[in-house]
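A.B. asks: Below are the structure tokens for one structure; questions will follow.
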Amino acid sequence: MSKDQKSLILMLSNSQHSINRKFANELKHSLSCELIELKDYQVDFYSVDLEATNFPDKIKTLVRKIKEHSNLIFVTPEHNGFIPAFAKNIIDWMTRDEQYGRNQFLKGLNGVICCVTPATAGGGKTVLELLDKFLSFSGLNVKGTVLVNGYHENFDFKPFIEQVKKLI
């Protein structure tokens, strides 16, 4: 499969029983694509001092893996209106990778941002809007967002998977 056809799902939850992980796994099987768990790339919290002395190899590896794809699907829970702190930290580190230019590690890539939440209030919408701006700043061409709200047991993800397919 050429880069032009490759999609990658980035799971931004570190919760073992994440409803977003259920959605990401269904997406993975439906799209026949790779899924990367950001929790497998956890590193110390970013600081300028740490960057100057010890840029994490894990982050360089992750950025290289991302750059092998043309379409990214971010699947995230909502934590107080934004993504989980550990995921924000990993993205912060990736923006500092000099190989692709500061804040440009997503340049030339297309993306879809998804959030699954049991709530019906505005937290999910807020995280999608903020992550859209945050990732666009790093060069991502955000094709759209998919909000799955009102999640409950035995939920049918199929209509939302179809939305993602139309966007990538």
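The backbone N, Cα and C atoms fix where each Cβ goes, glycine too.
As annotated by Swiss-Prot, ATP binding site applies to Ala119, Thr120, Ala121, Gly122, Gly123, Gly124, Lys125, Thr126.
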A.B. asks: Would you identify which of the binding-site residues Thr120, Thr126 has the most other C-beta atoms lying within 10 angstroms of its C-beta?
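C.D. replies: Compared across Thr120, Thr126, the most Cβ atoms within 10 Å surround Thr126.
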A.B. asks: For Gly123 (ATP binding site), just give me the three-state DSSP call.
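C.D. replies: Going by the DSSP assignment, Gly123 (ATP binding site) falls within a helical segment, counted as helix.
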A.B. asks: Within 8 Å of the Cβ centroid of the ATP site residues Ala119, Thr120, Ala121, Gly122, Gly123, Gly124, Lys125, Thr126, which other residues of the same chain have their Cβ?
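C.D. replies: After dropping the recorded site residues, what remains is Glu78, Thr117, Leu147, Asn149.
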A.B. asks: Going by a 10 angstroms cut-off between Cβ atoms, which of the binding-site residues Gly122, Gly123, Gly124 has the sparsest surroundings?
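C.D. replies: It is Gly122 that, of the binding-site residues Gly122, Gly123, Gly124, has the fewest other Cβ atoms within 10 Å.
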